[in-house]
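What follows is a short report on a single structure.
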């Protein structure tokens with residue numbers, strides 16, 4: 001509920017404030033939409049947990065499980081890759097001192113969502129598989145099998161959708177930090193985004209990696225749910241870090257007028 005509310009507030013601020021309609025803010029808006037989807041997915045899982053008290057099982061059927069797994073995986077991948085896109089956009093702005101073009105920002109957003117949809121659809125087509133999580137209250141990528149199909153999908157997907165975005169995020173902020181420290185004007189938190197990716201999604205990656213080399217059923221179901229709970233915190237952290245911590249977005253929510261310099265200058269979100 002917290003993640004859904006904060007990201008909803010972010011989306012509302014963009015719709016309400018024309019001054020925020022810039023290429024850089026488009027990347028933040030895309031991330032907010034993805035994180036809202038993650039929070040909505042978690043809300044459905046919470047509702048399922050309550051309904052299981054009477055139903056004793058996942059209440060939405062097999063097709064509902066596949067849809068829930070696809071939607072959650074799609075939004076998670078879009079959030080991870082969206083964070084990398086913002087990192088590159090910030091690097092472009094601060095290190096080249098040129099405003100991000102609309103065509104570039106739109107292409108990045110399109111690439112993020114098409115790539116995420118492609119990888120999320122593969123388990124529906126047979127490479128990987130969606131199934132119930134250990135407690136049976138939601139559905140995700142099935143890691144309990146540990147067979148060749150799962151292993152090949154996991155390593156390929158993790159490389160392109162976790163390691164590569166993490167590398168882009170970390171490298172972009174490192175280069176930005178080096179550039180800004182020389183000028184004595186470090187205006188951006190250069191460590192939190194990469195840490196959020198690593199600490200938020202890293203436990204999931206470790207659980208999946210363990211499932212490829214050992215019997216994951218040896219881990220208690222409640223312990224297996226810890227990475228999922230940690231990942232559900234990411235939308236709230238992202239909303240605070242990328243949007244609500246920004247002076248421009250906060251002023252957009254409060255309807256505070258922008259100065260002439262802010263209207264003319266490139267976005268610093």
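Heads up, the Cβ atoms here are built off N, Cα and C, so glycines get one too.
TrEMBL labels come from automatic prediction, so no person has curated them.
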For the record in TrEMBL, which of the ranges 130-149, 150-169, 170-189 is the transmembrane segment one?
150-169
Tell me which range among 32-50, 51-69, 70-88 TrEMBL lists as transmembrane segment.
70-88
So which range, 8-30, 100-122, gets flagged transmembrane segment in TrEMBL?
100-122
